[in-house]
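Have a look at the structure below before the remarks.
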Amino acid sequence: MAPTHVLRCCQRGLAWIPVIFIALVVCWSYYAYVVELCIFTISSIGEQIVYLIFFHLSFIMFVWSYWKTIFTNPASPSKEFCLPKAEKERYEKEERPESQQEILWRAATSLPLYTRTGAGAIRYCDRCQVIKPDRCHHCSACDMCVLKMDHHCPWVNNCVGFSNYKFFILFLAYSLVYCLFIAATVLQYFIKFWTNELPDTHAKFHVLFLFFVAAMFCISILSLFSYHLWLVGKNRSTIEAFRAPVFRTGSDKNGFSLGFRKNIAQVFGDQKKYWPLPVFTSQGDGLTFPTRLVNGDAEQATVTLHPEPNKSADDVPVSPLSESQNRLLINDQHANNVGEHAANNTLKSADSETITISMESES
C-alpha cells in the first residue's frame with residue numbers, strides 16, 4: 001500500500017488536469033483567432049486591427065482574473081480563534097460532548113461569533129483545531145478552514161472564498177465577454193465557410209470549431225455567472241444558499257444581507273473605479289461580518305426584532321460586536337428612536353393622550 005503522502009501528491013497533481021485543459025483551450029483559441037482568422041481569413045486591414053485590439057483587451061483581463069483566482073491563497077482563521085494550549089489539552093481529554101462544548105463556550109466569549117451549528121453549539125473544526133469564524137467552513141480538498149468559503153472549484157484548482165471571490169466573479173465576467181466576442185465576430189465567417197463562400201483552406205477547421213467552442217462555453221458560463229451575481233446581491237455564499245446560517249435566534253437566510261448596494265460593496269469595495277480590476281478591494285477582514293441580527297426579510301421596509309424564547313442574556317454567552325456591526329446597530333437604533341419620537345408627537349396632538357411605542361429588542 002502506497003504511503004499517504006504519495007497518494008496526496010498524486011491527488012494534487014491530478015487536480016491540475018482541469019486547469020491545464022482550460023489553459024490549452026485558451027492557447028488554441030488565441031492561435032485560431034489571431035492567426036487563422038485575423039491573418040489568414042480576414043482581408044480587410046481595418047477589420048483586422050479593430051478585432052485584434054478588442055480581442056487582446058478581453059484576453060488580457062480574462063487571463064489576469066483567472067490567474068488571480070488560481071494563485072490567491074485562501075484565507076484561514078487567525079490565531080485568536082485557536083484554543084489556548086491548556087484548553088486544547090482539556091478539550092482533547094474530554095469524552096463528553098457537553099464538557100467539550102463548555103470549554104468552547106468559555107473560549108468563544110471573547111470572539112465575535114454570531115453563527116452556531118444547527119443544534120446551537122459553537123462551530124469547531126476538529127481537523128484544523130480552531131473555532132470557526134462566521135461564514136468559515138472546512139474544505140476537504142484544500143484540507144483547511146477557509147474564511148467565507150463559497151465552494152471549491154476544480155476549474156481553478158482552488159477554494160473560492162473571502163480572499164479571491166471578487167477575482168472569481170471577474171473571471172466569470174471576462175470569460176463570458178471573451179467567448180461572446182469570439183462567437184460574435186467569428187459568426188459571419190463561420191457562415192461563409194459553411195456555405196462554401198470562402199476557399200476551403202486549413203483555416204476552415206479552426207474557424208468552425210472556434211465558433212462551436214465559444215458558443216458552448218458562453219452558455220455554460222452565463223448560467224454560472226448569473227447565479228453568482230444573484231448571490232452577491234443577496235450577500236450569500238453558495239453554501240449559505242443551500243443551508244441558511246444559524247444564529248442565536250435560529251436560521252436566517254438574510255442574516256448577512258445589508259441591502260443591495262452594501263452587499264455589492266462587501267465583495268467589490270467602496271471605490272467603483274477598482275471594480276473591473278482583479279485587485280483585492282473587498283471590505284472587512286473575513287473574520288467578522290456586519291449582520292442584520294434579525295429574522296426579517298432583507299427587502300422588507302419594516303423589521304420586527306424578536307427576543308429568543310425561554311432564554312435570558314445569562315443563558316448564552318454574548319460575543320463582542322465588531323466595529324462594523326456596532327456602526328450598523330447604532331444607525332438602526334438612531335433611526336428607530338427618531339421614528340418613535342415622531343410617532344409619539346403625532347399621537348399626542350391628535351388624541352391628547354400620551355401613547356408610548358416600544359420595540360422589543362434582543363436582550
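If you go along the chain as it appears here, the first residue is 1 and each next one adds 1.
Just so you know, glycine gets a Cβ as well, placed from its N, Cα and C.
Note: TrEMBL annotation is automatic and uncurated.
Straight from TrEMBL, the features:
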- 123-242: domain 'Palmitoyltransferase DHHC' (DOMAIN)
- 12-33: transmembrane segment (TRANSMEM)
- 48-67: transmembrane segment (TRANSMEM)
- 167-191: transmembrane segment (TRANSMEM)
- 203-227: transmembrane segment (TRANSMEM)
Please indicate, using numbers and ranges, the residues of the same chain that are 6 or more beyond the transmembrane segment (167-191) and have a C-beta under 8 Å from a C-beta there.
-> 29, 33, 37, 41-42, 51, 54-55, 58-59, 61-62, 65-66, 68-69, 72, 150, 153, 156, 160, 197-198, 207-208, 210-211, 214-215, 217-218, 221-222, 224-225, 228-229, 232, 267, 276-278, 280
Cβ under 8 Å to the transmembrane segment (12-33), counting only same-chain residues 6 or more beyond its ends: which ones?
-> 55, 59, 62-63, 66, 70, 141, 154-157, 182, 186, 206-207, 209-210, 213-214
Same-chain residues at least 6 beyond the ends of the transmembrane segment (203-227) whose Cβ lies under 8 Å from its Cβ atoms | 25, 29, 31-33, 36-37, 40-41, 169, 172-173, 175-176, 179-180, 182-183, 186-187, 189-190, 193-194
Residues in the domain 'Palmitoyltransferase DHHC' (123-242) grouped by DSSP into helix, strand and remaining coil = 67 helix, 16 strand, 37 coil
Looking only at the domain 'Palmitoyltransferase DHHC' (123-242), what is the mean pLDDT?
-> 94
